Amino acid sequence: MKTSTALVLLLALTATSASSGDHQFIDEQNIMNVAEGKNVISSLSSSGGGDDAAAIMESVLVNGGNRKMVFMMVSGSQANCIPTGQPCGVLHQCCDGNFCTDPFYGTCTVKHCVPKGQPCGVLHPCCEGMCPDPIYGTCR
């Protein structure tokens, strides 16, 4: 969960166009703190603290960030998820636990699992346990 959150937050960072290097540094620092599970206290917030996502959203919006990206950061990927058979990617995640065949130009596919003794990898997860190798593993 933290990895996907960090990825979305880092993509939000690249989508921003800050007017000052200081603001960009604040965004990077906030994003890294959230990725590490730390509480973010935004200097922009009038309340002096609070929800991590709200602090980052406010910071990104003040610095000219992408509103769609901020919405995804706050609402999660299921708010505007992509149904099975439709184009997907990092910014357009699949619904109901299905997976995307490619991070940029993929298609939402029904999630399936591989039984013990069969080849597994990132796109072919094991039904029981973890795949020992992300590309050329065998389910144990």
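Cβ coordinates are placed from backbone N, Cα and C, and glycine is handled just like the others.
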Checklist outcome for this item: According to Swiss-Prot, the cysteine among C108, C113, C120, C139 that forms a disulfide bond with C127 is C113
Item to check | Disulphide pairing with C131 per Swiss-Prot - partner from C108, C120 | outcome: C120
Item to check | Cysteine paired with C94, where Swiss-Prot records a disulfide bond, from C108, C126 | outcome: C108
Checklist entry - What residue among C81, C88, C126 is stated in Swiss-Prot to be the disulfide partner of C95? => result C81
Item to check | From C88, C113, C120, the disulfide-bonded residues whose CA lies within 10 Å of that of C126 (disulfide bond) | outcome: C113, C120
Item to check | C95 (disulfide bond) versus disulfide-bonded residues C108, C113, C120, C131, C139 - nearest by Cα | outcome: C108
Checklist entry - C113 (disulfide bond): which of the disulfide-bonded residues C88, C94, C100, C139 is the nearest Cα neighbour? => result C139
Checklist entry - What disulfide-bonded residues among C81, C88, C100, C139 are found with a C-alpha within 10 angstroms of that of C120 (disulfide bond)? => result C139
Next on the checklist: A 10 Å Cβ contact count, applied to the disulfide-bonded residues C81, C113, C120, C126, C131: which residue has the minimum?
Outcome noted: C113
